[in-house]
Structures are given as C-alpha cells and as structure tokens.
Amino acid sequence: MKRFAAVLLTLAVLLCPSVRAAGPGISAASAILIDGESGRVLYAQNAEEERPIASITKLMTALVAVESHPDLSEVVTIRPEWTGVEGSSMYLKAGEELTLEALLYGLLLASGNDAAVAIAGFCAGDVDTFVAWMNDKAAELGMEHTHFENPNGLNDEGHYSTAADMAALARVVMEHEALAKIVGTRSITVAGRTLTNHNKLLWRYEGCTGLKTGYTDRAGRTLVSCAERDGQRLIAVTLNDPNDWADHAALFDYGFAHYRSAMLALANRTFRMLPVTGSLNRFVPVYTAADVYYPLTEGELVRARVELPERVEAPIQGGTIAGRLLFTLDGAVIGETYLLYAGDVADDRAGRGLFGRVLDWFRAGEADTLATVCCRWISDSNL
C-alpha cells in the first residue's frame, strides 16, 4: 500500500515588483510567450485563434525534413518543377546539386519558397505526400488548430495555425540540435550563395537564439523567436503584428523580469531511504530520475507529493521504479520525476532461518513482544 505525502515547498523566487505585473502592451492580433523548458504560458493574447501564418510554416517543413532524412549531407538534384516558385527564393536552378543541409539554410535564413518545394519533393517524392506528413506531425504534437496546405506558407485557403500551436512547434525545433544551429545562424555561404537571416532579433536582442519570420498580404507579419538568459529559454510568437521586432523584445523583457526558472528536483540525487524486509540490508536508497525545472513568479507556492511504499520487499532490482515525486501549482501537476531504486537488494531469508524471520517481523512492526515472536514461530513450525 502506497503512502501519499504532501509537503508544501516555498520556493524563493525573488523578483523586483511586489505584485504581479500586467503583461506587455503589444500590437499583434495574436501573441503568446512560453517557457521553453516546461511549456508554461507566461503571456497570451488571442493565442488560440486560427490565422494564416505565412513563412513560419517552414519550421514544420524543416522538422519533418530532418526527421525523415536525418543525414543532412545527402545530395539533392534540383528538378525543374522545384524552381521559379513565387515569393522569397534562394534561386535554385534545374540540375543543380546541393546538400539537404544547404537547402535547409536556404529555407530558414533566406526563407526560400523554392527550397521548401525542393525539400518536400526530395524527402517524400512529391509535395502532396510531404504536406500530409506535416499534418501528421502537427497532430502528433497536439497542434489541434493547425492545418497545412503547402510547405512554404504561401496563401492557401485551409492553411492556418495559432500562436499557441506555433509555440509548441518551436519548442520541438529548438530541441533539435541541427535545426537550432541553423535558425540561430546570422549569415552563411552555402552552395555559392551568401544567405543572411531575415530574423533581425539575432542582432537587436541580446540572447536571441533564432527561429523564423514570415509575411504575406493575407497573414501580415508573423514571427517566432527564442531568447535565452541565465539558463532560461523563452519562446515568443506573434501573428499579424506590424510592430513585431519591438513586441518580441517587450515579451522577452516581461518574461525574464517576472519569471524565474526554479529548480524543483535534480537528477541522480538520493531522495529517501526505504525500509526493506527480506534482507539483512535494512534500507535501500531511492533517487530522482530527472531534473525538474519550472518558471515561477513572485508569491507562487509549489506543493510536492511523494508516492512511495512505506517499506519494500526483497528482492529489489536497482534502477527500477520505486515511486514518483510530483509537483503541483494551484492543484495542477506542473512536473514530475520517477524515484528509482539505487541498487540491487537480494532476498536472503532462506539462508537465515528463524533469526531472519524474527528480524523481518520486528522490521515490519508485526512483533511487539518476545511472546508474539515465539507464538508466531511455533505456529509457523507446525508444532
């Protein structure tokens, strides 16, 4: 039977203001700011409204490409139908040979619509199949208000997303090492072309680590960006925002000023010693399996709930699950980690005879007196 213990943790999140500040005033039709580690929403404005998204679509194009073709050194021969695509371009030529990596730089820095079509055609064989993969990936990521009609974000009825969904996508992109490197590159020369990132925040905002711009007449200006400071990662998304550079700076300033990434648990730390029956080892240590961090603002209290048995029975295999450590804020679970046994514990009762039984009875709290032990021994011996 498990024991559920609730412990109130008061986390010292020292912030300047004495009350929670209002969010930044921004001009976007839709906006969101999230913590990149936990996904916590720090600010939202019409974040669930479905809107056209323009070229920030290409973040999904890039993710599907690298997941389907992880070898970015693969050589792509450009087909005639992949060239001459309207809008922004890396100016591909039929018959030209480039690596998939070079196409990804053209996609994410130059925002090449031709690069998007070439990547889709190369990875899936045809654009329609690739777009189906994009929608499958969106469903896998829980992007319930997103639908793609093409790999580049050009105007199409039925091509839309939300600020919240695009923030969820950006979290995944930034966890992918190759993509994080590309979206954070200011300028690079590949395949005889010098490509400069359209994301001016890489120059204008200290700590900006990249992502993607977009624009069409229908969508307006769209922007997904990421910034890091003191080990904390924030992701901002704005849709249809004429003042996006300043608004993203304001969102990041707000997030870094009013939230701190609090350490709730550290991996591989001994958490508790559990009593053991069935072994001469009286206790087995359990340890935390993973780090748990969560952004908190002033005055927020996190509760920790421990789910562990009161005692355990040998044999025990090290590294297996003993229980869980859960953290809640206002009743909602915000993080958790498994508690694992730190080592093997053998069942040595067979070789210990009566002494082993008596020891186990005492450890289990089942033997209060010597008379109880003797009665138990007589009963078990069938005398």
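Using the three backbone atoms N, Cα and C, a Cβ is placed for every residue, glycine included.
No curator has checked TrEMBL annotations; they are predicted automatically.
Fair warning: this is a prediction, and the values are worked out from it, not measured in the lab.
Marked as active site, acyl-ester intermediate by TrEMBL: Ser55. Using a 10 Å Cβ-Cβ cutoff, Ser55 (active site, acyl-ester intermediate) registers 28 neighbours.
According to TrEMBL, the feature active site, proton acceptor maps to Lys58. Sequence-distant neighbours of Lys58 (active site, proton acceptor) (same chain, six or more apart, CB under 8 Å from its CB) are Leu107, Leu108, Ser111, Ala116, Pro151, Asn152, Gly153, Lys212, Gly214, listed in sequence order. A helical conformation is recorded for Lys58 (active site, proton acceptor) in the three-state DSSP classification.
Just so you know, the Cβ of Ser111 (active site) picks up 27 other Cβ atoms within 10 Å once every protein chain is counted. If you look up TrEMBL, you'll see Ser111 marked as active site.
In three-state terms derived from DSSP, Lys212 (substrate binding site) belongs to an extended strand segment. If you look up TrEMBL, you'll see Lys212 marked as substrate binding site.
Residue counts for the domain 'Peptidase S11 D-Ala-D-Ala carboxypeptidase A C-terminal' (259-347) by DSSP state, with H, G and I taken as helix and E and B as strand, are 0 helix, 56 strand, 33 coil. According to TrEMBL, the domain 'Peptidase S11 D-Ala-D-Ala carboxypeptidase A C-terminal' annotation covers 259-347.
Among the features that TrEMBL reports, signal peptide is placed at 1-21.
Confidence for the domain 'Peptidase S11 D-Ala-D-Ala carboxypeptidase A C-terminal' (259-347), expressed as mean pLDDT, is 95. Around the Cβ of Lys212 (substrate binding site), a 10 Å sphere holds 28 further Cβ atoms from the protein chains shown.
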